[in-house]
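Heads up, the thing below is written out as structure tokens.
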Amino acid sequence: MSKQRTVTFNHNPLLRHGLPAWRPRAVMLGLMACSLALIGRAMYLQGVNNEFLQAKGESRYARVLEVPATRGRVTDRHGDMLAVSTPVRSIWAIPTDVNLTPPDARKLAGLLEMDVQELNRRLAAGRDFVYLKRQVSPESAQQIADLKLAGVHQQQEYRRYYPGGEVMAHVLGFTGVDDKGQEGVELAFDGTLAGKAGARRVIRDRRGQIIEDVEAIRAPRDGQDLALSIDAKIQYLAYSALRQAMQTHKAKAGASVVLDARTGEVLALVNAPTYNPNNRSNLSGAQLRNRVLTDVYEPGSIMKPFIVGLALDRGKVQPGTIIDTSPGRMTIGRATISDSHRNGALTVAQVIQKSSNIGTVKVAMHFSPDEMWRLYDDLGFGKPLNLGFPGEAGGRLRPAKTWKPIEQATMSYGHGVSVSLIQMAHAYLAFARDGELVPLSLTRLDAPPVGGKRIFSAATAREMRGMLELASGPGGTAPKAQVAGYRVAGKTGTAIKLEGAHYTNKYVSSYVGLAPASDPRLIVAVMIDEPSAGQYYGGAVAAPVFAQITEGALRALGVAPDAPLVPLQLAQKQGAVVPARENM
Amino acid sequence: MIRTDAFLVAVAVASALGVVASQHQARKLFSELEREQTRAHGLEVEWDQLQLEQSTWAAHARVEKIARERIGMRAPVPGQVFSIEGVK
């Protein structure tokens, strides 16, 4: 009995009654299938689909950090800073986490330069996230961080500074809060200037210190620096001359552009009214407007030299050819055009000097509308210059087929066609560069452009410079354009403004000139919109601005005087001339 | 036999310690590099700010104002300008 009670498993009497043979095998198979499934799963996780778990594991210690890139600097042609990004911090808070004691609140408010009530009002706003102040200087941000206040956080941002202020405003434009270009050069060259933030993966220890650089995912690409063709000194000269003229003539607006005649670089580009790009809280459209590039106007008489140049070039007239302009009026179709003074018989040179409409029209009548259209098209009128500037205007030049005779006549002296000031200055390059036209550049060129588009022969360009010099001499329309020590050549323009389809009694006075006339270095174009202090002729309003800019710019560039020394000494006796000009 | 084993164990231990030491070294050097890079960036920012400051102080408008008002300078009238010939 007792023997039977102590049976081992093998001798279990239950087993003696033979279990069916498939049962242990089935169990065995089942167990094996289970373990195979586990092994398979383990292999799958380890070998085949391991990214997910590895990523999970890595996220415990690895971090991807953004590596900020800075926006490129903008400098003038000599390397003076015009726009720089510097890091600033924005202070933000989670109001529910903030629990300020009154002394802390006072300190924080002091550092943020706001009063305590304002601070409390911001913190009381029922939001999860409030900016306490954006773009705080790094020093005060550090002091705020040292207060170690719960719920007050900081984030790094960049702010763009423009040391040139309002002088450079229209050239540079500005960037938005997110450091992207919105206007001017900042927008036009945004692709070059903007940096691209990089990223890298690092391993951090428990205290948040980086202990290992695992890989650089993307290297940060800092924005490239940009050297403009602008000369800060000439720009300032142009700005102050223009501002002065605006005040004296109570003008609505004004603009000026200075070009380097040898390279086609833009040395200065100013507009008035202007604005301070560092403080843009209340800007108006009029202040933002870049009149040099985006506004077109009827240029008036400054257009005359082109058609006369073409006539000289084709041999239709000589500088000494006599043209009868009497009786000072002329009828074409049903319209009548007239000169402001009766001039009688004039030579071609005098037509330019006295700015005779009738004389110019008679010269233009040598050409078909098609020939004239081709000249204007070659000079770049009617299409934008493609400087890459936002909102650049092309002006209006209708196809030659639609021109009526009276329109061809008025277009020869700059009415019925519209251009921007920079297009006008650009077209005058043809006279300054012995007949060749080169594209303009807003960035500094390392080498002067070779081979331009030939518009006139070198001889014609020289003859025309001579005529333009007469125009700015005694007996011309703009003796006030003269600059002591240098010979200047240029042309005045006084255009009546077109509003809707009617001419008004408002004027645009302009002057485009080149200096020194013997070997031009500069082209200076000035436009004064609606001078309303009595004078409105280009020779009285715009020419003195030209003289002031040219005088300073030639001195700044160190150009040797080309006027003979004798008049320089004579000028001593006429000392009163210059102060008088400054008062205009 | 035992001697070779002992030798191999010693080599293995030494190499393991070497790995630990060099890893530590690498981390230390890396955090130093990190510090220097931060410093370099900081200096670059400072350079920018100094240039900004310089161009603010040297702005033409400010220079002209000081020259005119404080030092009493003015642009020469034409009669006061003399050219020296033969100098290029």
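Heads up, the Cβ atoms here are built off N, Cα and C, so glycines get one too.
Just so you know, TrEMBL annotations never went through curation; they're auto-generated.
For A:26-44, the entry in TrEMBL reads transmembrane segment.
For A:67-213, the entry in TrEMBL reads domain 'Penicillin-binding protein dimerisation'.
When averaged over the domain 'Penicillin-binding protein transpeptidase' (A:254-550), pLDDT in the model lands at 87. If you look up TrEMBL, you'll see A:254-550 marked as domain 'Penicillin-binding protein transpeptidase'.
Here the Cβ of A:SER301 (active site, acyl-ester intermediate) has 25 other Cβ atoms within 10 Å, regardless of which shown protein chain they belong to. Here TrEMBL flags A:SER301 as active site, acyl-ester intermediate.
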DSSP three-state assignment for A:SER301 (active site, acyl-ester intermediate): helix
